[in-house]
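S.K.: Summarising the annotation, TrEMBL assigns GTP binding site to GLY129, THR130, GLY131, GLU160, ARG164, ASP208. Among the features that TrEMBL reports, domain 'Tubulin/FtsZ GTPase' is placed at 34-226. What TrEMBL records for 228-346 is domain 'Tubulin/FtsZ 2-layer sandwich'.
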Amino acid sequence: MTYFSIFFNIDVVVYGKYDWAMPNIKPEVEAFARIKVVGVGGSGGNTVNHMIRAKVQGVDFIAINTDAQDLHHNLATKKIHIGKNLTRGLGAGMNPDLGRQAAEETIEEIKDALKGADMAFIVCGFGGGTGTGGAPVIAEVARSQGALTVSVVTRPFTFEGAQRARIAEEGLMQLKGSVDAMVLIPNDRLLSVIEKGTTFKDAFAVCDEVVRQAVQGISDLITMPGIVNVDFADVRAIMQDAGSALMGIGKGTGETRAIDAAKQAINSPLLDVAIDGARGVLFSIHGGPDMSMWEVQEAARVITESIDKDAKVIFGAVEDARLKKGEIKVTVIASGFPSDMMRFNVFSGGTDNKSTKKPDQVITVNRPVAPAGGASTRLLTHSTVAVSPVPVGTEEELESKESDEWDVPAFFRRKR
């Protein structure tokens, strides 16, 4: 729900010779929606840390984990250690049942932490124990308390083995009934957006950046007044009970800046769903004082030409002083995909069994770096990587791996 605080200043206005007065009411309306981002497990906790370092504004962060040591180092102000009696401070060890029981054991503390949220992002990696088992429980709590609940989930790499892939698929089937919308990021897609020399840590920063942009984009939509305004009611109208969802942000400069920004927003190479056939779309175009009506129309055309002809479309426009000179930003939320498309994209690992060559794209990554002089304060630098998509593993390929010999050792694998 959206809360409104309304105050009235009443001045008395006397009109000419008439001996009566009329109150002049000046409403000052403050509308806000509380957004909470919940990182579940090691992977979700890492994403929360990335967003905190990037100074994402307008949201509350919560870290939830069975691993006490990992939780201790998390930057979130609110931390919940689940399963104290079950795991005794250790992880759930690829056991989703243990992750689920751990969340249920601490259900009251989770309820208190999520109380008052209008929107909740449940961020986690699937294929392990804590995220896979705990996320559906946490999402159900958020949704039952009235929050618009969106999950952002990463699927394991193909090389992590068939067992981990099956755990992830079973977890997705459980989670989809507990959320309004699901955004899925297959880790295999990381290989299509990084260069060969990219470090293991920086590769995951690319994935974390996609999540950050989605959360920051929605926060900006809700809090920034616009020429054509968009608020939380519009976001809810598009995302409530939506199933699979697409959230993207694009930026452009130069003569074709609006078109470039729109194309980038709807063509993230990391997301496992495309805008084709969407029946609900919200998009907002941000620019400087020089943004023209023609550019707005061109960006809108790029976004709407592939969606369902009867789609619900909500549009916003904002003059944004934070943008660089000559820059345009486009934020897109799309949902209501055909059921067959949603099922295939979300649970099968690709659009078809063949490689689909997409145009090269660029993703901008915020990387935290230590400033000169050894100070502990972190700064953000921007770098870009060219995107040249590669084929991803199919479900048949995963199932053909009878043994788990390709599972990644725990000391190398990113915790989930």
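A Cβ is built for glycine as well, from the same backbone N, Cα and C atoms used for every other residue.
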S.K.: Per DSSP, what is the helix/strand/coil residue tally across the domain 'Tubulin/FtsZ 2-layer sandwich' (228-346)?
M.R.: 38 helix, 35 strand, 46 coil
S.K.: Would you mind pulling the longest C-alpha to C-alpha span across GLY129, THR130, GLY131, GLU160, ARG164, ASP208, which the record has binding GTP, in angstrom?
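M.R.: Output for GTP binders GLY129, THR130, GLY131, GLU160, ARG164, ASP208: max Cα distance 21 Å.
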S.K.: Could you give the mean pLDDT over the domain 'Tubulin/FtsZ 2-layer sandwich' (228-346), rounded to a whole number?
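M.R.: It averages 89.
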S.K.: Could you check what DSSP calls GLY131 (GTP binding site) once collapsed to helix, strand or coil?
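M.R.: Note: GLY131 (GTP binding site) is helical by DSSP.
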